[in-house]
Amino acid sequence: MDLKSWILLSCTLLPLSVTSYECYVTPCTRDIIIVVDGSSSMQTSTYVSQEINMITKLTYSWTLDDAKVRLALVGAYLGNEFNGLDYFTDSSLIEKRLQSFRLAAMQYGLFSGDFNTTVRFLDERYVGPRATFGPRANVQKRIIIFSAHKGASDIASTKSKLQEFAQLGYAVTIVGIGVSEDVYKGTFYHKFVSVQWFELGVVAQSIIDTITEDGICFLDQGWTTPKQEICTTSTTTTRAPTTTTTVTTVKGVTGKPATTAKPVPPTHPPFPVGDYQDCSCTTQSLYIDIIFVIDVSEGMGQGGLMMVKAEINTLVGQMSLDPNIQKHVQVGLIKYSDKAEVVFKPSDYTNEDEFTEDLWSDPRLEDVDEKSDEVNLHLGLQQAAKMTASMRNGVRKVIVVYAASYNDEGNDDARQIAANIRETGYAIITVAFVEPESSNLVMKIGEIASPRMNFTSFRDDLLVEQMEDALCQVNCYCPNGWKQLVLENRKYGECFFPTKIDASWTASKFECPVLSKEHTGNGHLVYVNSELKNTFLNQFYMDNWYPENQENPNYDIGYYYDQATKKFIWVNGVTNNPYSNWATGHPDVKQGDCVMAKLLKDSKNDFRWNSVSCTSEYGRGLCQEAACDTDFYCAPSSN
């Protein structure tokens, strides 16, 4: 970003004194509403996630205050409903709110909607005479609507209402995603900003600047520049632009690959796998400790070593090592052949570019050890185990082993120390570098790896995507006391917790958000959308059922009959879930509007759904919450 753009951005969000734009106390004050389009017009939940990334970048450095900038975030059609709370005056709440929107899109999918309903919601909740959350007096007002809607008649039907918004002092900017401005010519707005689908993934600074300068920073007609005063600046730390190296294939490498611009996260947005929510995977938001252990014996060869360095460069270059950023990585590096040596300590680097620069320039990593064709991975893992003790407490740790040779006999056998490391709770990733004509013994190194974390390279392509996924698996876990969904050794972004006292369905419904308040605060009675998940939940509940505490192992689920719509719906708003597991004679709303899973007589873990009273039948609730991952941060003390 050039200096002028940075100054203009800072004007509204980190106020400074600039004569060419509004940098004064009064004009720095705004009431801003941002609408996130979560409808099926966005095509996929991945695009919604990228839309949220753009809004995150737009609002990243904003300093909110009740006397200056206030921000309201509206989720349109996320979870098939509208979410709009009062204006935020605490900047720390922005990311949490946006992440709840992301979770809703990823977990429940997209629902059809229209532009007219979005505008009507804004009128009823924020703009109209009976608005729940009205604006402040004598404050310039802005609405930024992100929209992928394409219905010309639907959009044109909002013209009179948006004209009313303008008359009330609201300047509306439409950020059209994947649509041309011609589609919106039939309505009324202050500014239209066009964003193509591919631009969502790169978040061009020019788009952010246009929204900021033309949609927020400008002075309304009739507002005059007041006496010049320097606005109070924020203490927010903004990360300086960095670069990284991107390599996908290395053949005949002789030096450091060319440096290219750091890719904008997310590198691999989360997406549902089957009936389950996958863990999110934004490499730049990883919060783990990593130790690379590299085989530099003769078997690795110079070409193999160059490939290993290129892969590490690509991975670390996309992470953050800056301790001033909440979600950052610590990295250490050890080399080994017949002996082991620490090359980089975790405390050596707080900048990923410095790490990758030294990765290529440090003389200890320039050549393989041609004097030794022996390997002692046991010593390498010993050094790695010692290094973990110097790293952060409570942070997930992983040891990544790159090996071209392997010895599982005598004192060189690394299997026992690897088992000890895994039992401590640390993960081990192995990458076997195999020459086509060489022995496959090195592929046996996979026996020391954590489940699903053993990989093989035939020295033709890097394994960046597989490695990113494995690192994100390390970064995916549940808050203390919650059970993670794990299928075939694959972790998913869903966590479960049974309430501890008998209570009504209604009481359990309100208890779940309370139990999750230290994490996302979006806990809810469990959503059951497949036979596989139903089986997992039934077994989990039985594993945690104690007859002395609960006579019958029955649990409430997040399903109920809505008297207004005369339909069964889930507490998360889903109405079109095809899966059900009713007991014989159910549902029966005469017995109640809420749903409890009850164990069948003489069965060990076979439950069926029963209609029960929402207030008078008592049982335990089974709560569901998002996992800690690259989207949802858990402090180390929560690990």
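The backbone N, Cα and C atoms fix where each Cβ goes, glycine too.
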Exercise. What residue among Cys594, Cys628, Cys634 is stated in Swiss-Prot to be the disulfide partner of Cys614?
Worked result: Cys594
Problem set entry | The one of Cys594, Cys614 whose CB sees the fewest other CB atoms within 10 Å, among these disulfide-bonded residues | Cys614
Seminar exercise, completed: Reduced to three DSSP states, the domain 'C-type lectin' (491-618) has 24 helix, 38 strand, 66 coil
For this session: List the helix, strand and coil residue totals of the domain 'VWFA 1' (31-178) as derived from DSSP.
Result: 62 helix, 36 strand, 50 coil
